[in-house]
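Following: one structure in structure tokens, then a few remarks.
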Amino acid sequence: MAKKRKPPSIKGDQRSDTHLEGEKYGTPRSYDPHFRGPVVNRSCTDVLCCMIFILFIMAYILLGLAAWVNGDPRRVAYPTDSQGYFCGQKGTPNENKSILFYFNLLTCTSPSVVVNLQCPTTQICVSKCPERFLTYMEIQFKYKNDSEYWTYYSQFCRTTFLKPAETLSQVLLDNDCPSAIYPSKPFLQRCFPDFSTKNGTLTVGNKTVFDDGSGKTRNAAELRRAANGINKALDARAIGVKVFEDYAMTWYWILIGLTIAMFLSWMFVMLLRFTAGLLFWIFTFGVIGIIAYGIWRCYLEYSRLQEQPSSRLNAYTIGIQTDISMYFRLKQTWFALMIILCLLELFIILMLIFLRNRIRISIALLKEGSKAIGYLPSTLIYPALTFFFLSVCISYWAVVALYLATSGAPIYKVIAPQGHCEHENKTCDPVGFNTTEVAKACPGAQCHFAFYGGKSLYHQYITTFQLLNLFVFLWLINFVIALGQCALAGAFASYYWALKKPDDIPPYPLFTAFGRAIRYHTGSLAFGSLILAIIQMFRLILEYLDKRLQEAQSNISKFLKCCLRCCFWCLEKAVKFLNRNAYVMMAIYGKNFCKSARDAFNLLMRNILKIAVMDRVTDFVLILGKILVAGCIGVLAFLLFTERLPVIIEGPTSLNYYWVPLLTVIIGSYIIAHGFFSVYAMCIETIFICFLEDLERNDGSAEKPYYMSQSLMKIMNKRNAETKKQ
């Protein structure tokens, strides 16, 4: 009987520790002797999803065309009177009447009702707002002595009269003229009361009380309640003018600050090859020192309270207190905090001791990423292309949503000022409405413009089209981001798998990787972005239902809602992480989305500890970089805009709000730094995946040499055959 042959043993340096971290998550990929970086000979992947994606884009274009044909954005740009006519539209009788006037603003219940043109009062287009107090009854008396009063008042009437011959009751019944006018100012092309404060008292046109035209005396507070928030909006307009003035004075300084932020971000990325380790260890020892100080402080407080007569008090003695400071008077509180901080300190120190090798690998990969960007500087320009594509998608979505919202013919509905009418909210015809049975059954009811709509098949599915517009928008946004990640991953993978860097790096790696992603992997990228779009759509629908049903929710439904929101948030984060790594594998091997995601998942699970350490170290360095860039620019901008650098440089003077350009510079600098560091993060993730693949597929022999840098080989105690001979 033949002896069983023993399998050859694997020496320590030939067996990667990646095998020990996750044997059950698949086996390492078999060796391909012809593999020399990202696969060149590829075939199209996920063709079915690519076809579906193209069909959706074609449908999206057709939807935009249909919305463009049926919609009319003038309905948003111009206010609409009670008859559904635009105010200020050229080529119409209202061309010179660009402001909307409300007959009786006191009937409006809220500002949102006013802005949405749902106020239950007649609305007409006028050329200017009233500037004085007048009532219809006053006009009837003053007209006999001076016709100028009626000439002024009649411009706020719906129809033209030679004289105020009708009685007040007839005028109110026919809705021909307002019962009273009062000083107003135009805002958002609508006449709103001219509120002001005099000696702490709210006034309208310097009056605290006025006649509403029906014999009742009203005060400014009542009018303010009817148009609550309008005065704040007027104040906001004044603030807006001042903000615009500040931007006009500081725009070039803002551009200079953003340019400096761009330079600092580039410098930070380039210098990480020298400073990554220093930054990490300074931060780590800083955290250890802060926790040690906390332990010492807790011990001092515990010792101080131990010597006091009240040291016998405990949490059971004082019970539940709303004043949190009461618990800090107990020695048990400081003792518990000291124990917690000691455990945290011990945990950090043990992690640093046992994970020191993985931390060294992470720092080495950060340095390697900085080198890669130094050899491929064109990758730092790619975020501008992504920003352009995203801007196109956002603009198209906004335009289609606007045209869909303004599609249809004017719809008129019955509105009763008192709110007691069986025909209220029913559609009506404004022509001859006063002679209909509805007007007789509901005295005072009016037929007003409500919204735009229709009874055709297109108008019945406007809501569905809006949902489709939102869904395809989310799909396109995620596709653009996925395309950028795959293109950058292909470029950085070309760098890693070059044996002699930079000589073996192929020409135009970013352009080549972008072309491969578009030509072969559009379907796979669409597949991954579709999964994300579906999850995000569910999250948005959940948020919408939460807003609509907020008042009718029980405690159980609120708890379930929070659980669902948390689950969808976690699911979205997990899918984004898996998608990124799947795109890296796709850029290297050219497989479809599912196979790439499976290979990436198995590879990451086999190296779960390295992943955890790498993510934390990378996140820390990138967050620190963003704060450093935004903070430096923010400090310089603060000194400049507050005129504290007159000796060095003379900045803008007499700013209304210096914090407006300051916040603009800080936020803009952070966004620029985020754009640069997003490329760097993708670089690190790609190099890390390639590094793990390198460890699993190669052993350092002449046939299977390692592609990692010398610093990584030194940390991993690896050598190539040529190096060993030397």
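Don't overthink the numbers, they just go from 1 along the chain as shown.
Placed from the backbone N, Cα and C atoms, the Cβ positions cover glycine too.
TrEMBL labels come from automatic prediction, so no person has curated them.
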_Looking at 99-117, 574-592, 593-611, I want to know which stretch TrEMBL calls transmembrane segment._
99-117
*With a Cβ cut-off under 8 Å, give me the same-chain residues at least six positions beyond the ends of the transmembrane segment (467-498) that come close to it.*
35-38, 53, 56-57, 59-60, 63, 372, 375-376, 379, 382-383, 385-386, 389-390, 393-394, 396-397, 400-401, 404, 504-506, 509-510, 512-514, 516-518, 521, 525-526, 528-530, 532-533, 536-537, 540, 579-580, 583-584, 586-588, 679, 682-683, 685-687, 690-691, 694, 707-708
_For the transmembrane segment (380-405), sequence-distant contacts whose Cβ falls under 8 Å of one of its Cβ atoms, 6 or more beyond its ends_ = 60, 63-64, 67-68, 70-73, 76, 266, 269, 373, 462, 465-466, 469-470, 473, 476-477, 480-481, 483-484, 487-488, 510, 675-676, 678-679
_Considering only Cβ pairs within less than 8 angstroms, which of the stretches 47-69, 334-355, 662-692 has the most against the transmembrane segment (518-542)?_
47-69
*the transmembrane segment (620-642): which same-chain residues, six or more beyond its ends, come within Cβ distance under 8 Å?*
250, 253, 257, 260-261, 264-265, 268-269, 272, 276, 279-280, 283, 366, 649, 651-652, 655, 658, 661-662, 665-667, 669-670, 672-674, 677, 680-681
*asked:* How about long-range neighbours of the transmembrane segment (334-355): same chain, 6 or more residues beyond its ends, C-beta under 8 Å?
replied: 284, 287-288, 291-292, 294-295, 298-299, 301-302, 305, 328, 609, 613
